[in-house]
């Protein structure tokens, strides 16, 4: 330490804390704080350059190495500031070799040989200052730029429901309607199927109507109507030419039955006449019974 108290040593009395603060800087206006290490630039706007570091009060304890090394370049006239127990020592025109010797003697730290000339990004500053554990924060211009990019990108995102009326109109014109309302293709197919079935049923009804208009079929052997027999059967003249009884006789024996033993077939008119005669006969019998009862009394 004797060679550092040389010709240009100046002692300044001030208020400081126990950690020794060593500053190696250029001629300029700088503000040194033990906690935050704030640096103010020169009034002319130029960036003065220098090296600043904190040296612990106990050299043997490596846990107290909470220091900073800020590089601002090397020029001819450099200052070395030592603060210890409230006293500040300032030395002018100190070579980097002497500062290196002091750092090695006190803290075992070395000054990098090639020091950057300008202050870089916060990440680079933290790496130079030895504060790798501190969180990285973007500067204000970078944050503004990122916010602007995010807002521009957000403008491209459209979360609103935009209604394209032209497209909707084309779709509406292509869709099928029933009584003015939209219907699906399935329902339209069902409707077409139902209309087809209705048409088929109507056609069958028309066929039935035409069938009712056909002449009544009679048995060609006995003259029995098709309505009076269970079914018409095949005969020698073809299908549906014989009544049920004649057709069975023909199918089993190959001959037609004898009509002399069979009562004549009764037509519906004959049946109605027989019913009327039976009713009249019953009425006469009832009258006779009532007459006999009155005579006995």
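Using the three backbone atoms N, Cα and C, a Cβ is placed for every residue, glycine included.
For 73-108, the entry in Swiss-Prot reads domain 'Tify'. Residues or ranges marked as domain 'CCT' by Swiss-Prot: 143-185. If you look up Swiss-Prot, you'll see 178-203 marked as region 'Disordered'. Look at Swiss-Prot and you will find 190-201 tagged as compositional bias 'Low complexity'. Here Swiss-Prot flags 213-269 as zinc finger.
Confidence for the domain 'CCT' (143-185), expressed as mean pLDDT, is 80. In the domain 'Tify' (73-108), the DSSP tally of helix, strand and coil residues is 11 helix, 13 strand, 12 coil.
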